[in-house]
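What follows is a single structure, and I will ask about it in a moment.
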Amino acid sequence: MALVGVDFQAPLRTVCRVQFGILGPEEIKRMSVAHVEFPEVYENGKPKMGGLMDPRQGVIDRRGRCMTCAGNLTDCPGHFGHLELAKPVFHIGFLTKSLKILRCVCFYCGRLLIDKTNPRVMDILKKTSGNPKKRLALIYDLCKSKSVCEGAAEKEDGLPDDMDDPMNEGKKVPAGCGRYQPSYRRVGIDINAEWKKNVNEDTQERKIMLTAERVLEVFKQITDEDILVIGMDPQFARPEWMICTVLPVPPLAVRPAVVTFGSAKNQDDLTHKLSDIIKTNQQLQRNEANGAAAHVLTDDVRLLQYHVATLVDNCIPGLPTATQKGGRPLKSIKQRLKGKEGRIRGNLMGKRVDFSARTVITADPNLPIDTVGVPRTIAQNLTFPEIVTPFNVDKLQELVNRGDTQYPGAKYIIRENGARVDLRYHPRAADLHLQPGYRVERHMKDGDIIVFNRQPTLHKMSMMGHRVKILPWSTFRMNLSVTSPYNADFDGDEMNLHLPQSLETRAEIEEIAMVPRQLITPQANKPVMGIVQDTLCAVRMMTKRDIFIDWPFMMDLLMYLPTWDGKVPQPAILKPKPLWTGKQVFSLIIPGNVNVLRTHSTHPDSEDSGPYKWISPGDTKVLIEHGELLSGIVCSKTVGKSAGNLLHVVALELGHEIAANFYSHIQTVINAWLLREGHTIGIGDTIADQSTYLDIQNTIRKAKQDVVDVIEKAHNDDLEPTPGNTLRQTFENKVNQILNDARDRTGSSAQKSLSEFNNFKSMVVSGSKGSKINISQVIACVGQQNVEGKRIPFGFRHRTLPHFIKDDYGPESKGFVENSYLAGLTPSEFFFHAMGGREGLIDTAVKTAETGYIQRRLIKAMESVMVNYDGTVRNSLAQMVQLRYGEDGLDGMWVENQNMPTMKPNNAVFERDFRMDLTDNKFLRKNYSEDVVREIQEAQDGISLVESEWSQLEEDRRLLRKIFPRGDAKIVLPCNLQRLIWNAQKIFKVDLRKPVNLSPLHVINGVRELSKKLIIVSGNDEISKQAQYNATLLMNILLRSTLCTKKMCTSAKLNTEAFDWLLGEIETRFQQAIAQPGEMVGALAAQSLGEPATQMTLNTFHYAGVSAKNVTLGVPRLKEIINVSKQLKTPSLTVFLTGAAAKDPEKAKDVLCKLEHTTLKKVTCNTAIYYDPDPKNTVIAEDEEWVSIFYEMPDHDLTRTSPWLLRIELDRKRMVDKKLTMEMIADRIHGGFGQDVHTIYTDDNAEKLVFRLRIAGEDKGAEGQEEQVDKMEDDVFLRCIEANMLSDLTLQGIPAISKVYMNQPNTDDKKRIIITPEGGFKAVADWILETDGTALLRVLSERQIDPVRTTSNDICEIFEVLGIEAVRKSIEKEMDNVISFDGSYVNYRHLALLCDVMTAKGHLMAITRHGINRQEVGALMRCSFEETVDILMEASVHAEVDPVKGVSENIMLGQLARCGTGCFDLVLDVEKCKHGMEIPQNVVMGAGIYGGGFAGSPSREFSPAHSPWNSGVTPNYSGPWSPTGGMSPSAGFSPAGNLDGGASPFNEGGWSPASPGDPLGALSPRTPAYGGMSPGVYSPASPGFSMTSPHYSPTSPSYSPTSPAHHGQSPVSPSYSPTSPSYSPTSPSYSPTSPSYSPTSPSYSPTSPSYSPTSPSYSPTSPSYSPTSPSYSPSSPRYSPTSPTYSPTSPTYSPTSPTYSPTSPTYSPTSPSYEGYSPSSPKYSPSSPTYSPTSPSYSPTSPQYSPTSPQYSPSSPTYTPSSPTYNPTSPRAFSSPQYSPTSPTYSPTSPSYTPSSPQYSPTSPTYTPSPADQPGTSNQYSPSSPTYSPSSPTYSPASPSYSPSSPTYDPQN
């Protein structure tokens, strides 16, 4: 009997490591089933033995069977064959490795070329013990230089190079053969060997082509020891196996033939290839046998080599691709594996799945947010396997009867033996009788849990759990709010739905992935969903000031509010008629005690300060106190997706379920209001008034005129270029500015003209659709169209379109659209507009692919990073990435933005607000009540405590300002203290005007105690203490400053009670916010970074400002950072200055000049070469004067200079700009050319700055002829010098820095923040230099540069200059810049995790294949990313082992990955199991089929030996739930109970738990310690275990499933498995924690035949009991299980037996002979007289029977108020462990106990039994039965021990 829940398959073991290796020829033969030797496939229409479709290799067609394993098409996995190659060939995948190994070993003797005892080799072996790949690389580096086999040491003829090698000294023994080694080269798929010239080999050619055969011989000689040294493995991967001698032929299942109708079979590509190989192989064998010429054989071998190579890889560079006849390239094995569609990524990492549906989505605002409307057709098609149990058998039977055609029905029944019954084709489904243990695949029904998903799945909120609601028609319906996390809209989007197939999965989705649980995203700690669309628009309209609702409409709205408590609020206006405001309606929707302060979107900032800041004239301050909307218009700022808004607060304060309902209620109520109120939009809304249009036209006319002026200026050269820009750029920037200004101005005037009631405006203001710019484009003017960030470029000759004149730079021709959408665009405007739009589309398409790849890489790099149980963040190799997640160990979901009250204020304010002065009596009396003042004055340590608090606060402030030197950090911490204080004030009704009774000493001690409880890192060693201090530092600072004594008594005014509540609340919230172990934070971080990247715009924006510097931003920059690219697009330094240079622009300019690279070219005006033979009398007129002066005192020999002259004229303006002098330049020239060039130059103040250079020639004494030649060369030479000087002569600066811009920042982020003497923050605008190009090291060494703040944006450079920690911070800063540039925000912990992953190893790991795949993770993970086949080949060569720890590996192997709920094991406490309670597994119909299948075979279980009624029963064992062992309703149960009858506590053997055949024995609580029902064995005073003892009552407050007394049905016990189909969490009738109720117990199930409350005398195990036998009496002597007439299959024992029907009349509830089979105990049936509340021995008021008493020890043993005959030693007087208040018959939630049930009318005198499983039709319990009547004297609600409010019996539970 297999486990229920597993179709009958072989049990699977988990793979815990994967060993890679190469298949050796022997192994291939051993695993082969067929020797393939013929290329043919069929012979005479039959598959040919030994052919390529050998029937031993697998099944060929659907009807066939496999000859090896006799399986059919679905069962047979296929079997390998083999084919032997005539000659060995290279394996193309191992060719480069073979080459490397050849170079490491001797070509003749196969020894290693270096000595293993060499210290360097030893060192390598030691270093690379776990890394064979690295070992080969290092050994190869040592070997490749060797040209002789080692050990030629003692040859006489002084051999080259290695004699003097220190490694050879003192070595005498010859290790190798001493022969020369060839050098090897790979050509295509051949290897060539070549020897050096001096080789004295026996007349051998110097160059040969190495055959695979020869290489094989070399490899075979390598010893095992050497194999290990070269990083291979003698067992799994020997070098000789890298050469193919035997090829495995893949099974048929891998290469199925494609059968096309009507034509022949098309064979698979692999089959084609194999047939080529076989043909070539046969030809080679034939030729070899016939003794063909050598070159013929060589050609054959090469052909064979080619075919074998292209079988593996068909994309080898330098080889023709193998093709089919049609010319299509064949798909080789390598192509099958690699890429997105390949085996690994396409079939192992991601698969197509069953039980999924896909259709279009539509909106339905009336559904709750976690519900999805599913079309009936889909619901009828998707099924859920439900296990039949006695509780749901009738319900499922009903579904089975309906079959597959009607909804709701069922599709299949799966019997216990795994047989499937398809109800679609079953002739009479109604005849199929279900038995417990069967599985019914029923249709999806309302309330099922599903997973809903929309691609692209960018973050975890793209797959969420929903509940099903079956609706008509064919689309998925979903709530509008849920569209935003899915990023869905209803313009035709499709979504996928997956129906989980096990209860475990359902439980997991329900507890982790449901929509309400994902309301807040950890990405940015804010809600992911808000109110959208019409509801948002309406909520703003409804909460405006003048919205009134009359009585009927109010009633109508209240009807839409499910949480309405029945009280109509007081109307705001009473006369003339009652009217409610919209705000009041909104207040009704707000749940609970919520306090929020927000602003409306139109809130003017000026209102926040000033005398009237409490009054909001425009009603723009949204104030919600205690769940009442007091003021303000609600818009998207309050109910949108922003952090800290109403939805966020509700979710944090009141939990996810209430928040989810809040979303739904807002929508239902407000849509109902909108439906009546209406909202529309039409052309009327787009029309402004006449004056506005005039205004707009004037603005545009003026703008055009301005542009014309600028063009004029540019033409006349009056336009000054801005620094760093050319004239043209400056002009364009100016024009752009004018035109954008014009658009904005027209837009704002258009908006001003719109009235408050304009519908466009109402949508924009509420935030539901559109923005200001949309309005202005519709009404005023569309504005400038841009392409690539510039105006429309000239496309025709010097113009944009043919209708414009050439060189028209005016607004119209360059794409300014002056019309509005309303007015309509002219054709040329339309064309330009289309150009702009097209660019956007292209951009989006390109961006999607880019960011998709970035996201994939991020995920792959971080997929296995998770929080461990020790709180650290580690990857799959257990390498630490972070000590605590996010450095504070908190989950991103529970933190909020908070501000530090002590950071900003200056010293005076700080002291005023935070310093408590206990000596100031006036202050104390004003703020504290008398007794507190007295306490303060009496306390000895009061003053010192308060003083220590103040010094702590000062220290905190100092630290804060050190941590956040800018004073503006966005601090995210859990527990929003301001709001908690506000809540406390509301809950405890704090009066802010009264003095408080909260002692400051109590505050200080309370806060200190609390901060000790906030533990992130536990442990007492120094490191743990330091880590704990670091992790909680900010939280503690916040706590101490917010909850300081001064604040508490002045602003918060909490009383002692409220303060204590506050501390408790903070502690709870903090604990809740700690990150959960198992949380996959890596994937989360990758998604949180990838998702905003997708929203980023791709192209780089050039923002024109003061600094005209271009900065790469957006996706390209993100790529640069995570690729760690060496070549940045725009490398740049930001140089901060110190001292005078920072303040004084002139000094700053000095530094700039020092940095900026200046060549001669930059300062040169023009150059010329003259022939000027006489130096003194120059031919250049303007130079004459100064040259003659210069030569009056010649400083060098004029005779030797060349007649050719290079004259350079410099630009004075630039010289001054660069702070250069002529002297400096002359020095540079002299430095560069020395004595070869004569230079004379003008003075710095001369009119023109001129340099004259001549080449210093030889003496003039040479002949004229030669001179002429020289002269010719001179001028050419001069030309070269000129070119060289202009470009290469560095005058000053750093060559890498091409340009430096100088600017003074106007925003705070670049300013220097200083702390003033008063203690406030002040931003100082220093001069900043920004450079193009970087040279950080050089710049840092310059003077007047602030070395601390100067940074580079090139992370590689920072790494080289400043090291790994600096680069970590730098990456974080750069990433943050990229993300925050377009206003996104990502929580710090995600960025930090990425930075840590990139730098954890001490070097920069790029997020590319070069970084990710160079980690030491398993080969399977690496191959799932990129370079699939190469990695697998490498792994097999080095015989790597994959430990299968990561996520990818487990997914490939189909195992549960060690992450999330899979990252821990559950351990069974065997000791506890001894106290378990056994459920008889074998009472019904044939073994414990519902016991989760733990019972053995039916026959064994039913054998009489296992059910001893009276046979040899020891007193210690009492039958599981039944007072008599079996279910015998023996007379012994009559209240007069004879002690030796069947009910005697001493012989209740039942299925004794120790019975060897009973697998559940181990769990049985009835071991001797807890045995029997007799007082001797189980005395009421036993402290241990009774079902109603508080330890064991699930509803009892002290009951916890982990309680030591309880291990019965805890989730760890095998009999209780959430996946057991009978255990349905939604089952109303049972409490899963009730140990006495095991859902899987057969004996206890209302629908189980053995336990039918309506058949008193029916015991399924009684052989003599045939339901139709009239003479059968429960006390019949023939009732013995050993009776031969009893057989479970006997016809009389049939569940369908006519009289065994739940309505069987033979059952009378008061039958004394019937021991009611109450679900948790046959012994307890409320309607059975044996247990009658009025029975003296069982009286609830008896002190001994107290459901809450831990021991049943009566306080006075003989006293029982209503039981005169009560005797504490009576075996009856124990509270039966079988009776549990949570048992279904006795549980208000049980179907058989429903107050609304017709039978349960307290006045119902009669009691009609009716089918057991319909809720509310209990057969056991009639409230009016005298034995159990609330009016019965012994059961009085006032009875202390048994009152309905007693914790164990709670009607609400």
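Any Cβ shown, glycine's included, is placed from N, Cα and C.
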Please identify which of C143, C177 is recorded by Swiss-Prot as part of the Zn(2+) 2 site containing C106, C109, C149.
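As annotated by Swiss-Prot, C106, C109, C149 share the Zn(2+) 2 site with C177, chosen from C143, C177.
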Between the candidate ranges 62-79, 314-331, 710-727, 1142-1159, where does Swiss-Prot place the region 'Rudder loop' annotation?
314-331
Can you check which of 827-839, 1009-1021, 1126-1138 Swiss-Prot lists as region 'Bridging helix'?
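Checking Swiss-Prot against the ranges 827-839, 1009-1021, 1126-1138, the region 'Bridging helix' one is 827-839.
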To see if you understand the setup: which same-chain residues, six or more apart in sequence, place their Cβ under 8 Å from that of C109 (Zn(2+) 2 binding site)?
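In sequence order, C149, G176, C177, R179, Q221 meet the Cβ cut-off.
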Taking the Cβ of C106 (Zn(2+) 2 binding site) as reference, which residues of that chain separated by at least 6 in sequence fall under 8 Å from it?
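Listed in sequence order: L112, L113, C149, G176, C177, R179, Q181, V218.
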Where among the binding-site residues C149, C177 do you find the Cβ with the fewest other Cβ atoms within 10 Å?
C177
DSSP on the region 'Rudder loop' (314-331): how many residues come out helix, how many strand, how many coil?
0 helix, 2 strand, 16 coil
